[in-house]
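Copied from TrEMBL, the annotated features are:
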- 518-531: compositional bias 'Basic and acidic residues' (COMPBIAS)
- 40-93: domain 'F-box' (DOMAIN)
- 517-536: region 'Disordered' (REGION)
Amino acid sequence: MPIINERDFPLLPSQDAKRRRATKRKLKNNGLRSRTAGSLATLTDLPDELILEILGYLPGIDLNQFQLPTLVNLALTSRRFYRIVVDMLYTKYNSHFCEPYTFLRTMILNPQLAGFIHDVDITFGLWTCRKGRRYVPTAKDKKTIKEGLRALATKSVRYKRKMSNPSVVKPDPSYVVPLFINGKEVTTKTTFPVTSPSSHKQVWTSSAASLEDVKSAVSAAKAAFPTWSKMRHSAKRNIFLKAADVIDARAEEFADYMKIETGAADMFSNGFNVPKMADMLRDVAGRLSAVMGHIPSCEEEGTSALIVKEPYGVVLGIAPWNAPYVLGMRSILYPLAAGNTCILKGSEFCPRTWWAIGSALSEAGLPAGALNVLFHRPEDAAQVTTALIEEPAIKKINFTGSTAVGRIIASTAGKNLKPVLLELGGKASAIVLDDANLQTAATQCALGAFLHSGQICMSSERILVHKNIKPQFIEAFKGAVEGIFGGDKPAPVLVAAPGVEKNKRLVADAVKNGAKVVHGDHESDEKHPETNETSGTRMRPIIVDGVNKNMELFHTESFGPSVSVIEISSDEEAIEIANDTDYGLSGAVFTENLGRGLRIAKQIESGAIHINSMTVHDEWTLPHGGAKASGFGRFNGHWGIEEFLRMKTITYKE
């Protein structure tokens with residue numbers, strides 16, 4: 001899969017009159033109207049792969065004569081060509097994410113975000129023609145297009161030939177999602193319905209793991225351990241790389257599972273979760289042979305020692321629904337890379353998404369039993385989870401989810417003397433200092449607070465703003481939220497109605513105690529965009545100003561689309577408030593003074609602090625985990641592999 005670099009987007013020089021006339025003649029010779037042919041390329045170039053795709057849909061055009069800028073320009077000046085090109089792109093690439101200039105300006109202001117949303121650059125030029133009307137971009141628009149594409153290009157954005165098509169997967173209530181045990185799909189007699197939070201309808205049926213299925217999965221993982229743990233790194237690497245290719249090839253299918261089951265937007269499903277899952281596999285594949293032991297010096301004369309690292313055995317990964325591909329794959333990939341075999345126990349909200357992870361690795365050649373995938377009825381959660389943790393063959397557990405459930409997992413594991421890695425909840429603070437770039441801070445805080453409807457453990461829950469800039473920041477913040485998440489877009493979807501109810505209750509309590517809602521409406525209900533009926537799983541962003549310690553919203557993780565704005569008067573006050581929480585997963589500081597930002601970052605009790613970028617930041621080269629009630633242990637990079645290896649000391653007499 002090619003990577004887009006800046007050289008893929010050279011800014012085209014102005015065409016001289018002679019070149020214009022020559023190109024115009026070529027176009028007219030292909031049967032195009034003079035007015036259409038006369039408007040020539042002024043936009044940026046795009047990859048050759050896409051040029052060939054579009055040329056194949058435009059009859060009468062010689063494949064060897066024209067570059068994509070010409071075709072883009074045709075789309076901008078001819079309703080017929082616009083419809084042909086855009087309809088094709090919508091079908092093949094699902095490119096209608098958001099209004100183009102809002103998106104591009106966001107890219108310019110936030111180049112870090114360009115690496116997060118990386119599959120939409122292929123259609124920016126075509127988006128500039130609105131609703132098929134003849135449209136010539138203004139000079140300002142052209143500048144925005146060029147700068148936006150350049151921002152994307154300099155971040156080595158991955159280019160994918162196909163993006164998610166929302167019609168790839170069709171709901172079918174009669175289809176039963178199978179478990180994945182010992183390399184085989186297992187359909188159980190006991191099942192439960194899976195309902196989409198977007199449509200409120202049953203989309204399919206899921207198998208439900210029983211205690212017997214738990215024993216079968218554990219036995220399969222235990223039996224597979226000797227072979228998998230001794231397999232050469234090169235063989236494991238090939239499996240992981242093949243799995244990444246499988247995911248790329250099935251990206252549309254996988255993205256649809258997540259969107260249907262969790263209500264995730266395109267940006268978060270096929271724009272992040274699916275491609276990042278493939279990226280993770282490739283990153284880990286390159287780290288397999290880097291694990292090393294030690295040869296320490298011994299005090300006793302004539303004695304030498306080796307420190308070797310060994311896998312635990314069978315590892316249980318328990319993953320949540322909010323970012324299932326990233327968090328699900330992470331929960332089993334690092335243990336597998338260390339030589340362990342795994343059981344993935346996923347949330348009942350998205351069983352087909354969990355099944356897809358097992359399917360991709362199985363198709364890539366993962367040995368039977370090395371990975372087993374289980375899910376269960378909601379009412380069986382306690383007994384299935386407890387049975388798994390208490391199984392003697394399971395030697396370590398990792399859990400990503402709420403702090404409340406994490407305490408139960410840790411307690412049960414502790415009773416059985418089993419180590420755990422916990423990545424739990426958060427109450428991230430974003431600190432906006434008086435020297436911050438307001439537009440950058442506003443945009444990053446909007447994304448950090450409301451991406452995926454705030455259903456991310458790293459989401460910005462509290463924004464601490466210096467009193468000298470608070471009025472200006474709030475206006476910029478409201479504008480950024482409206483530009484990215486508002487307008488005529490449908491209300492974002494939460495995975496379940498209780499999430500909406502919780503956020504409304506927290507906001508109502510804050511208002512009752514003196515806070516003020518400055519953006520959004522926590523009292524009204526949202527409508528389903530197709531049926532116009534009240535939807536209990538939809539909620540638009542809410543900004544609450546004047547939140548203080550006496551309000552539940554100050555302390556409680558909302559895990560939804562509501563954010564608090566709190567006034568500060570000094571760096572010390574900002575640090576004190578940021579640390580006034582049980583959690584410590586992520587945070588952010590916005591300042592033009594890097595030294596000031598670093599001083600504050602070092603004093604905040606958190607697993608990560610991001611200076612001048614949003615609190616939602618998790619990449620495979622950096623350790624990820626929390627402090628305090630946000631858990632312990634680290635995923636990602638070599639730290640993630642080391643988490644699932646234990647050291648053994650071997651001494652010998654020389």
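The backbone N, Cα and C atoms fix where each Cβ goes, and this holds for glycine too.
Curation plays no part in TrEMBL annotations; they are all automatic predictions.
Outside the region 'Disordered' (517-536) by six or more residues, the chain places 200, 474, 477-478, 481-482, 490-491, 497, 500-501, 503-504, 507-508, 511, 542-545, 561-562, 565 with a CB less than 8 A from a CB of the stretch. Across the compositional bias 'Basic and acidic residues' (518-531), DSSP classifies residues as 0 helix, 4 strand, 10 coil. Confidence annotation: the domain 'F-box' (40-93) carries a mean pLDDT of 41 in the model.
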